[in-house]
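Peer 1: From Swiss-Prot, here are the annotated features:
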BINDING   Gly13, Ala14, Gly15, His16, Ala17, Gly18  FAD binding site
BINDING   273-287  NAD(+) binding site
Amino acid sequence: MFFYEKFDIIVIGAGHAGTEAASASSRMGQKTLLITQKRSTIGTLSCNPAIGGLGKSQLVKEIDALGGLMAKVIDYSGIQFRILNSKKGYAVRSTRAQADRFLYQKNMNYFLNNQKNLTIFEQEVSDIIIKNYQVQGIITSDGKIFKSSIVILTAGTFLNGKMYIGSDVFDGGRRNDVSASILANNLKKYFSKIGRLKTGTPPRLKKKSINFDILKKQYGDYPTPVFSFLGKIEQHPKQVPCYITYTNDHTHSIIKKNLHLSPLYSGSITGIGPRYCPSIEDKIIKFPDKISHQIFLEPEGINSEIIYPNGISTSLPKDIQVDLIQSISGLENAHIVHSGYAVEYDYFDPRDLKMTLESKKIKNLFMAGQINGTTGYEEAAAQGLIAGLNAALKIQCKDTWYPKRNEAYIGVLIDDLCSKGTSEPYRMFTSRAEYRLLLRENNADERLTTIGYKLGLIDDFRWKIFSKKQDSISRERNRLKNIILQPKTVFFSSNNKKTIYLKKKCTAFDLLRRPEISYNDLILFLNSFLKKKIVIKNKEITEEIETQSKYFGYIQRQEKEIKKYKYYENKKLYCIKDYREILGLSNEAIIKLNKYRPSSIGQALRISGITPVTISILLIFLKKRKKKKFYFKK
């Protein structure tokens with residue numbers, strides 16, 4: 001072994017968590033090393049070639065609001081953009097983009113290669129140098145030593161990864177990529193709570209072998225939405241349709257007949273798979289009453305000859321995969337280019353992490369991505385960003401930062417993982433966010449860009465554009481609040497073709513709160529009698545003003561709930577070294593509180609098994625200590 005080079009921060013793994021972690025720390029001025037087994041696989045979309053979706057697009061836009069890469073990259077790589085839940089309220093609308101997986105990798109590499117302070121190195125990591133439970137660097141498989149005071153581990157599905165196709169088992173975390181078994185086994189010296197999770201992917205199909213003529217086309221939205229705050233429609237490559245087909249009784253009978261050959265049901269795989277992205281075997285067993293399951297045939301790229309059949313993940317033997325694929329309408333002559341497979345891998349209990357994603361056991365070791373029990377590119381990228389920025393803050397001897405549950409979906413993700421842990425792959429949904437009316441995808445920049453600028457994640461160019469937008473929103477909102485409409489004013493709504501008579505005096509902003517009145521209707525009405533005509537062409541600005549108005553009452557209610565939430569979050573528990581010293585706590589409470597070491601009363605509340613009685617005892621204990629004028633170190 002020999003010393004090679006020293007860095008401020010080393011990131012192991014260049015998937016979605018690793019790329020965001022390395023980008024964040026280097027943007028904040030830290031000399032960063034991003035090390036990966038293969039440079040050619042940086043930013044690979046290992047499974048579904050898509051970014052965003054319900055609950056996920058909110059994460060992507062929050063990453064973007066903090067200067068991250070994912071939104072920028074997909075804007076240059078997306079070949080079909082759609083708004084999901086477009087007929088519902090803004091709180092649950094989510095953008096999804098089909099990606100050209102080759103363009104996505106190319107564009108991710110472009111941004112990383114042009115990032116200052118960032119070095120990319122190709123080699124497998126065999127061990128993390130840890131002395132006295134503190135990180136000091138890494139060792140590569142060929143004996144190179146890279147020294148660093150902070151290491152961020154983002155190994156994805158590669159720690160002791162095993163791939164399954166029927167009875168065939170291979171070492172690997174992804175097709176054509178070997179697992180990081182040496183590193184995984186070395187980490188077992190320091191971590192006892194290591195579990196196994198499972199994920200899977202469908203077979204890939206040859207495009208020319210599919211009969212698209214009998215299938216339903218699915219087009220993207222027009223005009224196409226964008227992900228990044230700085231994104232433009234002109235950045236999008238050529239847009240293409242997807243296609244829809246369905247499984248049938250024959251498909252289901254093939255699967256049932258051969259279920260014993262699936263490693264999921266033969267006992268070969270013990271890890272739990274993602275609940276909300278089940279294999280086709282799981283779907284048939286768990287939903288026996290369904291006569292068919294929808295499959296989206298998604299192109300893997302503009303010029304790609306490969307189709308991704310979304311919704312039919314499987315690890316059945318290769319010959320059975322051929323039979324089940326060819327039983328489906330439009331796929332009767334389909335040729336499988338790559339067989340579907342399942343992957344089982346190691347993950348760590350995220351409750352052993354601080355909210356910054358630093359290990360509670362190993363000083364200066366941060367962990368992000370699927371190794372923390374999540375599933376999905378977006379969840380991994382969000383964790384990578386938080387780990388990267390907090391690693392940089394630690395180098396700079398500055399206070400740590402992470403968003404709270406009321407500030408971002410990223411905050412919900414981090415809090416759920418670190419407070420509750422997970423026994424199955426964790427996926428983000430809008431339903432997980434109790435303050436989702438405030439955490440809309442269209443106000444991510446308003447919520448997070450200011451702190452991003454203060455942290456050094458956002459450049460001056462973006463800050464100026466953001467500030468200008470916020471000024472425009474503020475001016476227009478105030479203008480509407482200062483326009484007084486008198487009783488008996490007649491207003492026509494184009495939404496429901498009705499004439500509205502005002503019964504009492506109100507402001508134009510208040511009038512906009514009515515569900516049947518759109519911003520465009522209001523402006524047309526106001527311009528008909530105002531001397532100074534107002535025309536705002538920026539759709540983002542008008543949507544935000546309309547949302548603020550229509551959600552006004554609900555937002556006020558949630559802000560009251562947040563005050564209560566903050567009260568508990570501000571009651572810190574750092575002063576308690578051993579919960580056995582507190583009289584009245586149950587044995588279960590003592591064991592769980594000593595085990596998970598919650599940072600606040602709020603976090604303690606979210607630990608399974610912690611009762612209101614326990615919380616009351618803790619609050620009384622803190623109050624007594626405060627009266628005795630104890631100093632609490634935050």
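Glycine is no exception: its Cβ is also placed from the backbone N, Cα and C atoms.
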Peer 1: Please compare the binding-site residues Ala14, Cys277, Ile285 by how many other CB atoms fall within 10 Å of each one's CB, and tell me which has the fewest.
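Peer 2: Comparing Cβ neighbour counts within 10 Å for the binding-site residues Ala14, Cys277, Ile285 gives Ile285.
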Peer 1: Between Glu281 (NAD(+) binding site) and His16 (FAD binding site), how many Å separate their Cα atoms?
Peer 2: 28
Peer 1: Enter the number of other CB atoms within 10 angstroms of the CB of His16 (FAD binding site).
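Peer 2: Taking all protein chains shown, His16 (FAD binding site) has 31 Cβ neighbours within 10 Å.
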Peer 1: Calculate the distance in Å between the alpha carbons (Cα) of Ser279 (NAD(+) binding site) and Gly13 (FAD binding site), and round it to a whole number.
Peer 2: 27
Peer 1: Rounded to the nearest Å, what's the C-alpha distance separating Gly13 (FAD binding site) and Gly273 (NAD(+) binding site)? Just drop the number here, would you?
Peer 2: 22
Peer 1: Hey, does DSSP put Ala14 (FAD binding site) in a helix, a strand, or just coil?
Peer 2: coil
Peer 1: Near Gly15 (FAD binding site), how many other Cβ atoms are within 10 Å of its Cβ?
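Peer 2: Within a 10 Å radius of the Cβ of Gly15 (FAD binding site) lie 28 other Cβ atoms.
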Peer 1: How far is it from His16 (FAD binding site) to Lys283 (NAD(+) binding site), counting Cα to Cα, in Å?
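Peer 2: The separation of the Cα atoms works out to 28 Å.
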Peer 1: With Cβ-Cβ distance below 8 Å and at least 6 positions apart along the chain, what are the contacts of Phe287 (NAD(+) binding site)? List them in sequence order.
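Peer 2: In sequence order, His293 meet the Cβ cut-off.
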Peer 1: Ranking the binding-site residues Arg275, Lys283 by other Cβ atoms within 10 Å, which is at the bottom?
Peer 2: Arg275
Peer 1: For Ile285 (NAD(+) binding site), just give me the three-state DSSP call.
Peer 2: helix
Peer 1: With the FAD site defined by Gly13, Ala14, Gly15, His16, Ala17, Gly18, which remaining residues of that chain have Cβ atoms positioned within 8 Å of the Cβ centroid?
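Peer 2: Apart from Gly13, Ala14, Gly15, His16, Ala17, Gly18, the close residues are Val11, Thr19, Glu20, Ala21, Thr36, Thr154, Gly156, Gly369, Ala380, Gly384.
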Peer 1: For Gly18 (FAD binding site), list the number of other Cβ atoms lying within 10 Å of its Cβ atom.
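Peer 2: For Gly18 (FAD binding site), the 10 Å Cβ neighbour count is 29.
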Peer 1: Which one is closest to Cys277 (NAD(+) binding site) in space, judged by CA to CA distance, out of the binding-site residues Ala14, Ala17, Gly18?
Peer 2: Ala17
Peer 1: Calculate the distance in Å between the alpha carbons (Cα) of Lys283 (NAD(+) binding site) and Gly15 (FAD binding site), and round it to a whole number.
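Peer 2: One finds 29 Å between the Cα atoms of these residues.
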